[in-house]
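Under the heading topological domain 'Cytoplasmic', Swiss-Prot lists 1-45, 92-151, citing sequence analysis as support. According to Swiss-Prot, the transmembrane segment annotation covers 46-65, 69-91.
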Amino acid sequence: MSTPDNRSVNFFSLFRRGQHYAKTWPMEKRLAPVFVENRVIRMTRYAIRFMPPVAVFTLCWQIALGGQLGPAVATALFALSLPMQGLWWLGKRSLTPLPPSILNWFYEVRGKLQEAGQALAPVEGKPDYQALADTLKRAFKQLDKTFLDDL
């Protein structure tokens, strides 16, 4: 994955960007074969919900059985890091510039939105996946569901 051109991003702001990207990305089944985001977002949400209880259970189980605490702590830390890994990946992905094939498709979707009378802000610099997510979300809200068939 390439890094953004002239954008300096704080490590912790990547998590916020990842959360925003996960909320913005349209979870449409028709996008799943083309983009990996549907699976990553679903798994990240699952990890946010279930990994903290798994970590607590692992620690409590080892303490209750009088087992070694070291491996239990390592397992708990790994379980707690899984949601963070997903959010970090989503944050990095949101800043990644679009490849040429998707870039053409992005401009076609924007063109369809403008033809439908939607006012769109001009694209600054090279569009990234966050801009694609914003455009797709708006397209699924404003346009007919068949707009993907024409592209």
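Glycine is no exception: its Cβ is also placed from the backbone N, Cα and C atoms.
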Please count the residues of the topological domain 'Cytoplasmic' (1-45) that DSSP assigns to helix (H, G, I), strand (E, B) and coil. 26 helix, 0 strand, 19 coil
Checking distant contacts: for the transmembrane segment (46-65), what same-chain residues at least six beyond its ends satisfy Cβ-Cβ under 8 A? 71-73, 75-77, 79-80, 82-83, 86
Residues in the topological domain 'Cytoplasmic' (92-151) per DSSP class, helix first, strand next, coil last, are 38 helix, 2 strand, 20 coil
Sequence-distant contacts of the topological domain 'Cytoplasmic' (1-45), meaning Cβ under 8 Å and at least 6 residues beyond its ends, amount to 83-84, 86-97, 125-126, 128-130, 133-134, 136-137, 140, 148
Intrachain neighbours beyond the transmembrane segment (69-91), with Cβ under 8 angstroms and 6 or more residues off its ends: 9, 13-19, 21-22, 37, 40-41, 43-44, 47-48, 51-52, 54-56, 58-59, 61-63
Per-residue pLDDT averaged over the topological domain 'Cytoplasmic' (1-45), given as an integer: 86
